[in-house]
């Protein structure tokens, strides 16, 4: 495959650098996830520095007040469950200041608590808000004159009222957003280390957010080795083209479906059914996948296969490439129209291979040739006509306007 071209426009260069910085920033956040205490200590120190800045400068009280309101909203979201158990009627009771009935069962367990705002997102949003507020404190436009004692009094009143409502909600629906106060099992002072394994489901990832996590995935080489070993264990895969069967598994979306396809392949190879019928079905499936590709890829595959099948002799790779380029040229061959050899192989789904020694492009197995000899009219009804048009177009190039050449040296020129 060709290397990805570097962006040349200023906007493309800016986008590339921005994406790079975002990836580095996200990697830094990922590495800081397990260090909960150190993260919050750093945020607290940053907040103290901001308040010292406001206190010493005797200004920007409105910025500090806005920051306090925003942090209060974040804290409330941190305390609230993701799925609120209350309905409209219970919410109306809560607005009136009434408290719901207490639990009737003493041994009733607490349900797993999933926060509406996870701890890490709470910390990240709070730290970012403090940084923005600190930056605003250096611009005079945000230094709006206000009577700061009124703002402080109003903030404390708002904090008390909202926390009162939140505590009533916690008592009524029996949940505790912190680990303190929950039932503990075992002897006092016993340290318990819990290891949990799970698929990366959104709710589970959010429930374990902030804890150490190790992602276990199969390496690419291990998967390829597993597939190749399973295919070569199959008699059918050994007798025919292993590369084709390996390519036929690329469209499987899960490990289970890959295993099912491999088991079906192995079972079919042991049955009495003729292998020709099995191969025909496999090649039909491959052609259907090719037919579902984008228009340019499909056209390139039809060109490569029709030339290989209908040619009177083996064709080198450069000949197949030039034959494709002739279609897009009028008077002379343009090298920019020559397709990449790797692109030709990748779009053919394992039906075509290139011999590295002879540089000949051929079908991957003789059974593929037999299959297309039987189904040529079905898949390539105009193959001979298109090949003839390409040859005529090539002979009409300006390089041949001088007539036939007489010597080999002239032909090379």
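Using N, Cα and C of the backbone, Cβ positions are placed for all residues, glycine too.
Per TrEMBL, the stretch carrying the note transmembrane segment among 146-164, 165-183, 184-202 is 146-164. TrEMBL lists transmembrane segment for one of the ranges 15-35, 36-56, namely 36-56.
Each residue of the domain 'GPI inositol-deacylase winged helix' (296-373) gets a DSSP state, and the totals for helix, strand and coil are 44 helix, 9 strand, 25 coil.
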